[in-house]
Amino acid sequence: MSEQPERPLPEDKPLEIAGKVYNSRLLVGTGKYRDLSETGHAIETSGAEIVTFAVRRTNLGQNPDEPSLLDVVSPNSYTMLPNTAGCYTAKDAIRTCKLARELLDGHDLVKLEVLGEEKTLYPNMTETLVAAEALIKDGFQVMVYCSDDPLLAKRLEEMGCIAIMPLGAPIGSGLGIQNRYNIRLIVENARVPVLVDAGVGTASDATLAMELGCDGVLMNTAIAQAQDPIRMARAMRLAIESGRHAYLAGRMPKKLYASASSPLDGTFF
Amino acid sequence: MQIQVNGESMEFGEGATISDLIQRMALEGKRLAVEVNEDIVPRSEHPSFSLSDGDRVEVVHAIGGG
């Protein structure tokens, strides 16, 4: 039997986003937790270094002594990634990014997401392209939530987006990576980091994304809505590391039939 | 004069500034961002930026989200 020619192993490049190198390839959201204390604890356990959050109106007449998200998840400890969740037009997304930049004293890293419809929260790519162009022109560093179309992903990269973040399944669905082939193609073509953003439901989903060669995974609901979010945060940290190692190790080729693991030489029967 | 703050109407005296508005909302010292008629007003300009009748002001902050 002829051996398969060995494929070169993938290069172990560190995850670099906007000029900064990160040890963790898990990015997390801050929504849907029971309270801020659980948010802080889960994020710490996840080992994530990049944390995404939303920008919303302050409530009139709210308790002024109430702790805020940024008290628990401090911009001094984490790279803050404001997102444009809830925006359905390029205009709203651009406004949100500008407010976020003011909120974070000029920090210009953003997660752009322009949604198309409520049922699937699938990205509206036409508006996403418009917003990305305007934001990049305005000096923002754009990580972009997008569909899994390899050509659109490449186009976003060529426009100057610093990370491409296709969905693996609809936001908050927990369905896992439904589009392995497309994710694989996007990874293969990209020269900027590719992160699966949305769709992960449990640890094996995150591992699979990493085994496909993704540079990282962004998730929120899979941790926040687990029955024990702190333990799931730990599971996700390990799953991401595990998948990364498996990708770098180069898995064995699949075979149709068995191949004995123990030698046949020296058998006494 | 009437100012729309986060979609609700508020009454202010002539010459009120954004700093006055933030004080009225009991949000002094909080990390927030302010937009007047869809333009950002940088934090450094809050004490000097005078509001005008009919201005639409948005005061936003960071909250949990994915």
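Just so it is clear, glycine is given a Cβ too, placed from its N, Cα and C backbone atoms.
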Among A:GLY160, A:GLY172, A:GLY250, which residue does TrEMBL name as a further 1-deoxy-D-xylulose 5-phosphate binder in the site formed by A:ALA198, A:GLY199, A:ASN220, A:THR221? A:GLY172
Could you state the CA-to-CA distance between A:GLY199 (1-deoxy-D-xylulose 5-phosphate binding site) and A:LYS111 (active site, schiff-base intermediate with DXP) to the nearest Å? 16
To which of the binding-site residues A:ASN220, A:THR221 does the lowest count of other Cβ atoms within 10 Å belong? A:THR221
Listed recorded positions (A:LYS111, A:GLY199, A:ASN220) that sit near chain B [CB under 8 A]: A:ASN220
Whole-number Å value for how far A:LYS111 (active site, schiff-base intermediate with DXP) lies from A:THR221 (1-deoxy-D-xylulose 5-phosphate binding site) (Cα to Cα): 17
Are there residues of the same chain, six or more positions away from A:GLY172 (1-deoxy-D-xylulose 5-phosphate binding site), whose CB falls under 8 angstroms from its CB, and which are they? A:LEU121, A:ALA198, A:ASN220, A:THR221
